[in-house]
């Protein structure tokens with residue numbers, strides 16, 4: 001990698017580094033590549049604890065190369081494929097096209113690792129269609145006792161009632177294990193929920209995943225992989241409610257019942273903010289332009305984990321990163337680096353595998369009819385004609401979420417004649433055109449369909465954009481917003497103002513070990529700064 005690319009790849013880490021010495025340590029290898037060969041460097045490497053190794057042979061779902069250990073990439077001859085950033089330290093990662101399913105590059109994609117709260121994507125994809133969002137649930141003591149020590153919590157209170165909509169906001173925004181257990185109780189209990197999650201994982205083709213705890217709390221045998229987590233995100237993003245919750249920056253959450261000045265009891269509220277730092281930003285980290293979710297996680301055993309989806313132009317990419325060497329914001333920085341690389345490398349690499357579609361999924365129309373196993377142009381195995389629609393429980397998003405400016409695009413299959421036509425095995429993802437700036441406050445859900453935008457899911461929405469660059473809601477004329485960050489070096493996009501006096505402000509956002517999650521037992525602003533400790537698991 002050239003010095004220029006090296007400096008660019010490490011720029012985000014320098015911005016978040018504390019002090020000149022830390023910044024120098026990050027940049028020095030770019031200019032002194034031979035330093036690693038010195039006796040001092042060799043001694044430092046020898047003293048470093050030995051990292052676990054991936055299995056010599058892993059699952060081959062999605063392609064043989066995805067089952068091999070190490071980095072898998074296939075540059076396209078003469079296309080000028082960019083080099084992978086040397087900043088990536090994650091034990092496992094994957095970069096994939098969210099719509100075609102092509103895997104652009106991967107490392108140890110099928111290595112079963114502890115997933116932490118990213119498994120909540122599977123939890124949501126399994127349970128979201130089952131309950132009306134207006135249904136009311138009263139929290140019991142037994143539900144709260146099932147939450148593991150040190151869990152991230154939204155702050156449910158015994159004996160108080162919450163709507164299903166409230167509980168899903170607690171899951172997606174605060175990664176609340178208490179909200180997960182409340183929804184699991186609605187579903188018939190933890191055991192039933194875990195069984196259904198494992199069954200749904202198999203339907204999605206996620207064979208590396210074994211769920212033990214629905215909230216991602218560390219448990220023996222509780223594993224997933226970068227490949228599987230990407231499948232969960234891809235499936236979930238087909239659902240309007242999932243997309244909207246994952247993109248919500250902040251929302252009001254029901255608090256305690258208090259007596260007002262008039263002597264009447266009233267239910268208070270407090271603000272909660274999404275723990276996804278590529279969505280909200282953090283000191284030293286700008287929101288990623290075009291980001292639209294999905295989920296972060298952290299436990300002592302899993303380290304930091306993250307799956308993100310973003311759009312640039314007409315291309316939508318999914319990236320999952322698991323257990324980077326650094327703490328704090330490292331998983332976001334590495335995800336952003338991989339997204340930048342993926343957008344630059346798209347069209348310049350040959351796929352090293354594919355994201356398998358779930359059982360029974362329909363495919364979109366396109367070219368290269370026979371470029372996937374089992375598809376034959378004009379043959380008996382061609383998919384039946386018909387519309388491809390998102391697998392959604394309803395056609396509207398959360399009722400009062402913030403930052404839900406996701407543009408919906410419905411891909412329609414065009415039947416060529418009575419039956420025979422070529423298909424590219426494609427599972428279109430509804431368009432994601434970026435988000436408003438987090439500091440702009442709550443946004444209405446009209447763009448997601450419902451009374452404010454009837455028929456949004458039944459029509460194709462065109463998204464005007466400059467070549468290679470989407471026009472996000474944040475940068476649209478008259479929006480008053482500003483884009484997150486520019487392509488390449490990380491840009492100087494605006495960041496949401498952090499008001500320490502605002503309930504719900506992430507008090508731990510400046511902590512060097514901050515992964516976006518941490519213990520929360522009430523309104524987020526009442527906690528002292530602390531390292532994240534979603535689960536106490538065995539290191």
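Along the chain as shown, residues are numbered 1 onward.
Glycine residues also receive a Cβ, built from the backbone N, Cα and C atoms like all the rest.
Pulled from TrEMBL:
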- 117: active site, acyl-ester intermediate (ACT_SITE)
- 120: active site, proton acceptor (ACT_SITE)
- 175: active site (ACT_SITE)
- 295: substrate binding site (BINDING)
- 374-390: compositional bias 'Low complexity' (COMPBIAS)
- 463-477: compositional bias 'Low complexity' (COMPBIAS)
- 478-493: compositional bias 'Gly residues' (COMPBIAS)
- 494-506: compositional bias 'Low complexity' (COMPBIAS)
- 85-319: domain 'Peptidase S11 D-alanyl-D-alanine carboxypeptidase A N-terminal' (DOMAIN)
- 350-399: region 'Disordered' (REGION)
- 434-539: region 'Disordered' (REGION)
- 1-41: signal peptide (SIGNAL)
- 402-423: transmembrane segment (TRANSMEM)
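Averaged across the domain 'Peptidase S11 D-alanyl-D-alanine carboxypeptidase A N-terminal' (85-319), pLDDT for the predicted model comes to 96. Under the DSSP three-state reduction, residue 295 (substrate binding site) is assigned to strand. Around the residue listed as 'active site, acyl-ester intermediate', taking its Cβ as the centre, 31 other Cβ atoms fall within 10 Å, counting all chains.
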